[in-house]
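Colleague: To start, I am sharing the structure in question, which I have written as structure tokens.
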Amino acid sequence: MFDIYNRKIDYIRISVTDRCNLRCIYCMPEKGIQSIDHKDILSYEEIIYLCENFAKIGISKIKITGGEPLVRDNLAYLIKKIKSIQGINNVTLTTNGILLEEQIDSLVKSGLDAVNVSIDSLDEIAYKSITRIGDVNKVMRGINKTLKYKHIVVKVNCVPIAGVNDEQILDITKMAQNKNISIRFIELMPIGLGKKIKGISEDRIKMIIEENFGKLTVFNKSIGNGPSNYYSLDNFQGKIGFISAVSHKFCEKCNRARLTSNGFLKTCLQYSEGQNLNTLIRSGKNDEEIIEIIKKTIYNKPRENRFLEAEDYENFEQNIMSQIGG
Ligand code: SAM
Ligand code: SF4
């Protein structure tokens, strides 16, 4: 379907939990957060029902996210069910990778198309200082096992943070040299804990990469569902991408909506606007009514983010990123 600004909306990010087995400094407080009560989290059957309705309005691509999606039991079951819905042709996952090694076989069997693994440093100590509790070796084992499945697209997400993982930008880039992995450097967004931390600009990252690996050449094809701008490097198998919602905003071509784990349909990362679908489906509204409400909510998607404005407006998102899904 198209929204009020004539953008084609065909992609939804679905968060299946607000819980996580890591505590990344820009995303989750050290002591965690009060988790949403289990009874308020959408069941798999409710998520599948909503996906059937999303497909009817033209959504064809679904990303499963969290919190950490792999901490929810039997995620492969959900993926298999979503993948079998007519009209849904691409189901992908964003994960911190800690549980990937043990789950990738069943995820692949379920029909998963691609995996994005978030990894902000390859250095054991730096990785632990960012995630507070994570073991980067586990993540690497998960990535290497996933790469054995040649049809699965593997990408690495890295959020560069000033003074924390600057030194790691080259090592992360190198992951694309001899392996079929594309890297995406994600600009830190001023959401939740990200408001208090300083990221590194796209231009600076490009400079660091070019000084060491040569010219980044624009790669015009898209890889996956998202807004990333990709570049090639000579003698690199994978591409290098940038998702810079603050310094190079891409709102005019945004194609996405989000569903939080408690069933809130969110139309822009920065705003609290949207519609609680959980109460609607539990109050017994029929399919036509639900579809109309979904369409109306998505149609009214905000025009653009206001990340560069210093003010914190009343309708800005107050939840932290792990509650939204990134
Ligand atoms: N736990 C999974 C993971 O880490 O991939 C999925 C959820 S996580 C919220 C999704 C993505 O959001 C991760 O790549 C993470 O690095 C990114 N993220 C979290 N907070 C962010 C922020 N303030 N700005 C930019 N990206 C952020
Ligand atoms: Fe957890 Fe992902 Fe947030 Fe890190 S970025 S705390 S892994 S939800």
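Every residue, even glycine, has its Cβ placed from backbone N, Cα and C.
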Colleague: Looking at TrEMBL, which one out of MET175, MET189 binds S-adenosyl-L-methionine in the same site as TYR26, GLY67, SER118?
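Modeller: S-adenosyl-L-methionine site check in TrEMBL: besides TYR26, GLY67, SER118, the record includes MET189 out of MET175, MET189.
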Colleague: From the candidates CYS158, CYS268, give the one listed by TrEMBL for the same [4Fe-4S] cluster 2 site as CYS251, CYS254.
Modeller: CYS268
Colleague: If the criterion is a C-beta within less than 6 angstroms of any ligand 1 atom, which of the binding-site residues ARG13, TYR26, LYS155, CYS251, ARG256, CYS268 pass it? List them in sequence order.
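Modeller: So the answer is TYR26.
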Colleague: I'd like to confirm something. Which of the binding-site residues, ARG13, THR94, ARG256, has a Cα closest to the Cα of TYR26 (S-adenosyl-L-methionine binding site)?
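Modeller: Going through ARG13, THR94, ARG256 one by one, the closest to TYR26 (S-adenosyl-L-methionine binding site) is THR94.
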Colleague: Which one is it: of the binding-site residues CYS24, CYS254, ALA257, ARG258, whose Cα lies the shortest distance from the Cα of GLY67 (S-adenosyl-L-methionine binding site)?
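Modeller: Nearest in space to GLY67 (S-adenosyl-L-methionine binding site), counting only the binding-site residues, is CYS24.
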Colleague: Just the binding-site residues from TYR26, GLY67, ARG256, ALA257, ARG258 whose C-beta lies under 6 Å from any atom of ligand 2, please, or none if there are none.
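Modeller: Within range of ligand 2: GLY67.
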